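> The following feature annotations were taken from TrEMBL:
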BINDING   Lys51, Asp302  FAD binding site
BINDING   Gly177, Gly178, Gly179, Pro180, Ile181, Gly182, Leu183, Glu184, Glu200, Gly263  NAD(+) binding site
DISULFID  Cys42-Cys47  disulfide bond
DOMAIN    6-317  domain 'FAD/NAD(P)-binding'
DOMAIN    337-446  domain 'Pyridine nucleotide-disulphide oxidoreductase dimerisation'
Amino acid sequence: MAEQADVIVIGMGPGGEAAAARLAQAGLSVVGIEKNLVGGECPYYGCIPSKMMIRAADSLAEARRVPELAGTVQVAPDFAPVARRIRDEATDDWDDTVAVERFEKAGGRFIRGTARITGPRTVSVDGQDFEAARAILLNTGTEPAVPPIPGLAGTLYWTNREAIAATEAPESLVVLGGGPIGLELAQAFARFGTRVEVLEALEALLPLEEPEAGQLVQDVLTAEGIGVRTGTRAERIDHDGTAFTVTAGGRTYTGQRLLVATGRRTDLAALGLGSLGLDTGARTVPTDGHLRIAEGVYAIGDITGHGAFTHMSMYQARIAADHILGEPTTGAEYHAVPRVTFTDPEVGAVGLTERQAREKDLPVATAIAQIPSSARGWIHKAGNQGLIKLVADTGRGILVGATSAGPTGGEVLSMLTLAVHERTPIHRLRKMIYAYPTFHRAVEDALGQLP
Ligand SMILES: Cc1cc2nc3c(=O)[nH]c(=O)nc-3n(C[C@H](O)[C@H](O)[C@H](O)COP(=O)(O)OP(=O)(O)OC[C@H]3O[C@@H](n4cnc5c(N)ncnc54)[C@H](O)[C@@H]3O)c2cc1C
Ligand SMILES: NC(=O)c1ccc[n+]([C@@H]2O[C@H](COP(=O)([O-])OP(=O)(O)OC[C@H]3O[C@@H](n4cnc5c(N)ncnc54)[C@H](O)[C@@H]3O)[C@@H](O)[C@H]2O)c1
């Protein structure tokens, strides 16, 4: 006999956890099922601990800038406080007791296990059956995608999970993948003294973002002593018990550790989506405006393919929960998705890149302002690399995309996110007052270059 609930939440990543708690607080009976840790990738292996590592690494980089600005300083990196902070403050030693109790206090029923959908309303968890009267909500996220490179399987390579749990910075590290995970961790470890090589298969770092941003990050990483090889796909991995050797493009790269940061994968087949008549071979699930994938079945987060970000998971959770509760909701909009890669300089972006805008056949104009040429960038001096790039739709006279790279580039992004989200006319943006001397005044410089 299946146990009844109003809502069954499968996978409690950031959005699933938030939606499950909200629905329970609203008085629905909610079963939340999680096979690993409540909260998902972000608090235990992703955003939060990686940003703690980056915060510490950036403090070292700032200290190293002192000679150019303010005298002398001796820098002796120690990874122990970072590892301790990640273990004690971020992850509670990878223990989710507090999160489980928070959900239970909200009125939810928690089940630890791997769930599988068995029908439009039914779910099975390791032999235990549940039936949802109102909705099933999927938030099962992604796992590291490990490419089938000869020699890799069976070695003790790192994914983000092992890198985040590191107790010391390795002497040397080869990073496969020049996306956000690879670059954030490459720079953080390098600033602690690790000798780092980054191998990226495509011709640019951060290939999904503007090429100017990828080039900027490549220049900065190279200047910091990180080896960056673009257009370099790993062909073979050897491990002799102490070091990894990666063969790529006729050369070899050696590291005490190997970080595989080559993207993420979903496993929709294992979730039982076939029982809903959905394509189990797909990497993501198509959702309607209210995040439904079938009548009474909702999906949120990375599996929806609208951007693998915690803020996307939380945004979609709000809409799905509103809809399940029958509250008014306008549906999801994706024209102004912000994202920030927390390298130094931070690379923030929103909406379309120039290439995406041209692929949509929009009448496109672009403008770039360099941060070092702005008053604040010039004052800032050491560590001032960055740029603002705007992508305008000249037909509608609005910004459809923007990149903000630089010191606090992710914070400067906020005004650009608002402009793209609200489709604010460019002539209105030009009439705003921009505080002097801020980094965001470079936005005004770039606006001035648009036709
Ligand atoms: C190193 C790193 C750094 C990142 N930094 C940032 C950042 O700075 N900012 C940002 O916005 N994003 C960042 N991300 C991305 C972010 O972590 C994810 O987008 C975020 O966690 C949202 O994912 P999700 O909601 O889809 O679910 P996830 O967080 O992936 O959680 C899904 C949960 O579902 C569970 N699950 C899966 N299948 C089942 C099943 N069948 N039964 C029961 N449970 C199941 C899993 O165990 C997991 O706990 C980072 C990711 C990584 C790896
Ligand atoms: N700050 C943030 O918001 C943040 C930080 C980290 C991760 N994330 C999220 O997590 C997701 C996954 O990040 P990611 O960096 O793993 O994935 P990604 O897909 O963005 O980047 C992976 C990179 O690896 C390269 N690659 C693939 N196979 C390769 C090979 N064999 N050899 C060398 N390079 C190879 C790809 O060309 C790509 O550039 C991102 O899409 C992002 O949404 C976000």
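Here the Cβ of each residue, glycine as well, is placed from N, Cα and C on the backbone.
No curator has checked TrEMBL annotations; they are predicted automatically.
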> What's the number of neighbouring CB atoms sitting within 10 A of the CB on Lys51 (FAD binding site)?
15
> Out of the binding-site residues Gly177, Gly179, Ile181, give me the one sitting nearest to Lys51 (FAD binding site) by CA distance.
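Going through Gly177, Gly179, Ile181 one by one, the closest to Lys51 (FAD binding site) is Ile181.
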> Judged by the number of other CB atoms within 10 angstroms, which among Cys47, Leu183 is the least packed of the recorded positions?
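Counting other Cβ atoms within 10 Å of each of the recorded positions Cys47, Leu183, the minimum falls on Cys47.
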> At the level of the C-alpha atoms, what whole-angstrom distance separates Asp302 (FAD binding site) and Cys47 (disulfide bond)?
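Taking the Cα atoms only, Asp302 (FAD binding site) lies 14 Å from Cys47 (disulfide bond).
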> Out of the recorded positions I have (Cys47, Ile181, Leu183), which ones have their Cβ sitting under 6 Å from ligand 1?
Cys47, Ile181
> At the Cα level, what's the spacing in Å between Gly177 (NAD(+) binding site) and Cys42 (disulfide bond), rounded?
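Here the two Cα atoms are 19 Å apart.
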> Could you state, as a whole number of Å, the largest distance between Cα atoms of any two of Gly177, Gly178, Gly179, Pro180, Ile181, Gly182, Leu183, Glu184, Glu200, Gly263, the listed NAD(+) binders?
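So the maximum pairwise Cα distance among the NAD(+) binders is 14 Å.
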> Using the alpha carbons only, what distance in Å do you get between Gly179 (NAD(+) binding site) and Cys42 (disulfide bond) once rounded?
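Distance between the two Cα atoms comes out at 17 Å.
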> Once the chains shown are all counted, how many other Cβ atoms turn up within 10 Å of the Cβ of Glu200 (NAD(+) binding site)?
26
> Around the NAD(+) site formed by Gly177, Gly178, Gly179, Pro180, Ile181, Gly182, Leu183, Glu184, Glu200, Gly263, which additional residues qualify by having Cβ within 8 Å of the site's Cβ center?
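Apart from the listed residues, the neighbours are Val175, Ala186, Val198, Leu205, Leu206, Ala261, Thr262.
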> Could you round the CA separation between Cys42 (disulfide bond) and Glu200 (NAD(+) binding site) to a whole angstrom and send it over?
24
> Measuring Cα to Cα, how many angstrom lie between Glu200 (NAD(+) binding site) and Cys47 (disulfide bond)?
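With distance taken Cα to Cα, Cys47 (disulfide bond) is 22 Å from Glu200 (NAD(+) binding site).
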> Just the recorded positions from Cys42, Lys51, Gly177, Ile181, Asp302 whose C-beta lies under 6 Å from any atom of ligand 2, please, or none if there are none.
Gly177, Ile181
> Given a 10 Å Cβ-Cβ cut-off, pick out the one of the binding-site residues Gly177, Gly179 that has the most other Cβ atoms nearby.
Gly177
> Have a look around Ile181 (NAD(+) binding site) and count the other CB atoms within 10 A of its CB, chains all included.
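Ile181 (NAD(+) binding site): 23 neighbouring Cβ atoms within 10 Å.
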